[in-house]
Amino acid sequence: MLQSNRFAIYAIGKIKKHWIRDGINQYKKRMPELIINELKTFNLNNLRSNNNIIIVLSEEGKQFNSIELCSLLLNFKNKKINFLIGDTDGISSDIKENSDLILSLSPLTFPHELARLILIEQIYRAVSISSNSPYHRS
(Lines of atoms letter the chains of each structure in order from A and count residues from 1; the text may use other names and numbers.)
(Lines give C-alpha, C1' and ligand atoms only; values in the text may rest on other atoms or scores of the structure.)
Protein backbone atom coordinates (compact mmCIF):
# COMPACT_ATOMS: atom_id res chain seq x y z
CA MET A 1 0.00 0.00 0.00
CA LEU A 2 1.24 3.48 -0.84
CA GLN A 3 1.69 6.01 1.95
CA SER A 4 1.53 9.73 1.18
CA ASN A 5 4.60 10.35 3.37
CA ARG A 6 6.74 8.68 0.67
CA PHE A 7 6.09 11.52 -1.78
CA ALA A 8 7.64 14.94 -2.20
CA ILE A 9 6.99 17.53 -4.87
CA TYR A 10 9.70 20.05 -5.71
CA ALA A 11 8.49 22.83 -7.98
CA ILE A 12 10.05 26.00 -9.31
CA GLY A 13 8.11 29.10 -8.32
CA LYS A 14 5.10 29.88 -6.20
CA ILE A 15 1.47 29.26 -7.05
CA LYS A 16 -0.06 32.60 -8.02
CA LYS A 17 -3.60 31.55 -8.96
CA HIS A 18 -5.74 31.28 -5.85
CA TRP A 19 -8.06 28.63 -7.29
CA ILE A 20 -5.10 26.31 -7.95
CA ARG A 21 -3.74 26.97 -4.46
CA ASP A 22 -7.20 26.19 -3.04
CA GLY A 23 -7.29 22.89 -4.94
CA ILE A 24 -3.82 21.93 -3.73
CA ASN A 25 -4.81 22.78 -0.16
CA GLN A 26 -7.83 20.45 -0.41
CA TYR A 27 -5.55 17.53 -1.27
CA LYS A 28 -3.02 18.60 1.38
CA LYS A 29 -5.79 18.25 3.97
CA ARG A 30 -6.30 14.67 2.80
CA MET A 31 -2.54 13.96 2.68
CA PRO A 32 -0.91 16.18 5.32
CA GLU A 33 2.33 14.14 5.14
CA LEU A 34 2.86 15.06 1.47
CA ILE A 35 5.86 17.38 1.12
CA ILE A 36 5.53 20.29 -1.29
CA ASN A 37 8.53 22.60 -1.71
CA GLU A 38 8.58 25.72 -3.85
CA LEU A 39 12.13 26.42 -5.00
CA LYS A 40 14.15 28.83 -7.09
CA THR A 41 16.41 26.09 -8.53
CA PHE A 42 16.80 22.32 -8.27
CA ASN A 43 19.72 20.72 -6.44
CA LEU A 44 19.84 17.04 -7.39
CA ASN A 45 22.68 16.35 -4.96
CA ASN A 46 20.26 16.94 -2.10
CA LEU A 47 17.71 14.54 -3.60
CA ARG A 48 19.96 11.82 -4.95
CA SER A 49 20.49 8.88 -2.60
CA ASN A 50 19.98 5.13 -2.67
CA ASN A 51 16.56 5.51 -1.15
CA ASN A 52 15.30 8.29 -3.45
CA ILE A 53 13.57 8.11 -6.81
CA ILE A 54 13.54 11.24 -8.97
CA ILE A 55 10.67 11.68 -11.41
CA VAL A 56 10.71 14.72 -13.69
CA LEU A 57 7.48 16.02 -15.19
CA SER A 58 7.89 16.95 -18.84
CA GLU A 59 5.66 16.88 -21.90
CA GLU A 60 7.98 14.43 -23.69
CA GLY A 61 7.83 11.92 -20.84
CA LYS A 62 6.14 8.55 -20.60
CA GLN A 63 2.38 8.55 -20.05
CA PHE A 64 0.49 6.22 -17.73
CA ASN A 65 -3.15 5.80 -16.85
CA SER A 66 -3.99 6.04 -13.13
CA ILE A 67 -3.83 2.27 -12.49
CA GLU A 68 -0.47 2.00 -14.29
CA LEU A 69 0.92 4.96 -12.35
CA CYS A 70 -0.17 3.38 -9.06
CA SER A 71 1.50 0.11 -10.06
CA LEU A 72 4.70 1.93 -11.04
CA LEU A 73 4.81 3.79 -7.72
CA LEU A 74 4.19 0.54 -5.82
CA ASN A 75 7.17 -1.01 -7.62
CA PHE A 76 9.45 1.59 -6.05
CA LYS A 77 8.84 -0.26 -2.76
CA ASN A 78 9.96 1.77 0.28
CA LYS A 79 11.86 4.46 -1.59
CA LYS A 80 11.11 8.17 -1.27
CA ILE A 81 9.55 9.39 -4.53
CA ASN A 82 10.47 12.94 -5.51
CA PHE A 83 8.60 14.69 -8.32
CA LEU A 84 10.24 17.70 -10.00
CA ILE A 85 8.13 20.30 -11.81
CA GLY A 86 9.77 23.13 -13.70
CA ASP A 87 8.52 26.61 -14.43
CA THR A 88 7.35 27.96 -17.80
CA ASP A 89 10.79 27.14 -19.25
CA GLY A 90 10.58 23.50 -18.17
CA ILE A 91 13.45 21.49 -16.71
CA SER A 92 17.02 21.41 -18.01
CA SER A 93 18.23 18.42 -20.02
CA ASP A 94 20.93 17.54 -17.46
CA ILE A 95 18.31 17.16 -14.72
CA LYS A 96 16.18 15.03 -17.04
CA GLU A 97 19.18 12.84 -17.88
CA ASN A 98 19.89 12.29 -14.18
CA SER A 99 16.32 11.40 -13.26
CA ASP A 100 14.93 7.90 -12.84
CA LEU A 101 11.85 8.62 -14.97
CA ILE A 102 10.43 11.39 -17.13
CA LEU A 103 6.67 11.49 -16.69
CA SER A 104 4.07 13.22 -18.84
CA LEU A 105 0.65 13.78 -17.30
CA SER A 106 -1.11 13.99 -20.66
CA PRO A 107 -0.56 14.59 -24.36
CA LEU A 108 -2.09 18.01 -23.65
CA THR A 109 0.07 20.90 -22.48
CA PHE A 110 -0.77 22.40 -19.07
CA PRO A 111 0.49 25.52 -17.31
CA HIS A 112 3.08 24.45 -14.72
CA GLU A 113 0.84 25.56 -11.84
CA LEU A 114 -2.05 23.42 -13.08
CA ALA A 115 0.32 20.47 -13.63
CA ARG A 116 1.17 20.68 -9.93
CA LEU A 117 -2.51 20.35 -8.97
CA ILE A 118 -3.06 17.47 -11.42
CA LEU A 119 0.01 15.64 -10.08
CA ILE A 120 -1.18 16.00 -6.48
CA GLU A 121 -4.59 14.63 -7.45
CA GLN A 122 -2.93 11.67 -9.18
CA ILE A 123 -0.78 10.96 -6.11
CA TYR A 124 -3.94 11.01 -4.00
CA ARG A 125 -5.65 8.73 -6.53
CA ALA A 126 -2.70 6.28 -6.48
CA VAL A 127 -2.74 6.17 -2.68
CA SER A 128 -6.50 5.57 -2.83
CA ILE A 129 -6.19 2.82 -5.45
CA SER A 130 -3.51 1.04 -3.42
CA SER A 131 -5.73 1.03 -0.33
CA ASN A 132 -8.91 0.02 -2.21
CA SER A 133 -10.56 3.32 -1.32
CA PRO A 134 -13.76 4.12 -3.26
CA TYR A 135 -12.25 7.41 -4.55
CA HIS A 136 -11.10 5.79 -7.82
CA ARG A 137 -13.73 4.14 -9.97
CA SER A 138 -12.56 2.07 -12.92
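Positions of Cβ are set from backbone N, Cα and C atoms, glycine also.
Straight from Swiss-Prot, the features:
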BINDING   G86, L105, S106, P107, L108, T109, F110  S-adenosyl-L-methionine binding site
Which of L105, L108, the listed binding-site residues, has fewest other Cβ atoms within 10 Å: L108
Recorded S-adenosyl-L-methionine binding residues, G86, L105, S106, P107, L108, T109, F110 - maximal Cα separation rounded to whole Å: 17
Winner by Cβ contact number (other Cβ atoms within 10 Å) across the binding-site residues G86, P107: G86
